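Taken verbatim from Swiss-Prot:
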DISULFID  C28-C134  disulfide bond
DISULFID  C61-C185  disulfide bond
CARBOHYD  N65  N-linked glycosylation site
CARBOHYD  N98  N-linked glycosylation site
MOD_RES   Q21  pyrrolidone carboxylic acid
SIGNAL    1-20  signal peptide
Amino acid sequence: MVTMLMFLATLAGLFTTAKGQNFHLGKCPSPPVQENFDVKKYLGRWYEIEKIPASFEKGNCIQANYSLMENGNIEVLNKELSPDGTMNQVKGEAKQSNVSEPAKLEVQFFPLMPPAPYWILATDYENYALVYSCTTFFWLFHVDFVWILGRNPYLPPETITYLKDILTSNGIDIEKMTTTDQANCPDFL
C-alpha cells in the first residue's frame, strides 16, 4: 500500500512539475497520418507556427531544416533564439520506422536517448505541416506534442483552424497550444 501511494505521489509530482507538457491518462492515441507521404517533398526549411509547449523548446524564431543523409535517413537541425538572445541548435536524425507508413518517422537527438515518434498527420509540402508525437509511460499515461509548421513564418488563420480540427477530430487536446513568435527573427538557417 505504501509503495502504491509513493508511486501515485511521484506521478502527481510529474503532472505538476512538467509545466506546459500535455499529460493524459491512458495510452497514446493513434491518429491517421498523411497518405502517400513523400519525404523528399518534405525536406527543407520549416518555421514553427504553433505548438503544445515543450520543456526542450523555450525560445522564439524556432525553425527546423530537414535534409537527406547519405544513409537514406533525414538530418534534423532545429534552431531557436533563446530569451537571452543567443541561438541554440540541436541536430538529430530521423528515419522511417515502417515502410508501409512512411509518414511515421522516429527522431533521435542524443545517442543514449530512445527515438521519439514524429508523425506527419497532414502536409501539402508547400505551405503547412502538422506533426504529432506521443509517448506512453508505464501503460498508465502519455505525454504528447504537436507542432504546426509552415514554409513561411506565418500561416493564414483558416489553415491553422483546419489543422487544429484534424487534431480535435482525433481526440488530441489543443487547449495548451501556443503561438511561436516569428517576428524580427534572424535568418539563421
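From the backbone N, Cα and C atoms, a Cβ is placed for every residue, glycine too.
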Which state, by DSSP, holds C61 (disulfide bond): helix, strand or coil?
strand
Determine, to the nearest whole angstrom, how far the Cα atom of N98 (N-linked glycosylation site) is from the Cα atom of C61 (disulfide bond).
32
Here's one to test understanding: among the recorded positions C61, N65, C185, whose C-alpha is closest in space to the C-alpha of C134 (disulfide bond)?
N65
Using Cα positions only, nearest of the recorded positions to C28 (disulfide bond) (C61, N65, C185):
N65
Other Cβ atoms within 10 Å is the metric here; tell me which of the glycosylation sites N65, N98 scores highest.
N65
Across all chains shown, how many C-beta atoms besides its own are within 10 angstroms of the C-beta of C134 (disulfide bond)?
20
Determine, from DSSP, whether C185 (disulfide bond) sits in helix, strand or coil.
coil
Counting Cβ atoms within 10 Å across all protein chains shown, which of the disulfide-bonded residues C28, C61, C185 comes out on top?
C61
For C185 (disulfide bond) and N65 (N-linked glycosylation site), determine the Cα separation and express it in whole Å.
16
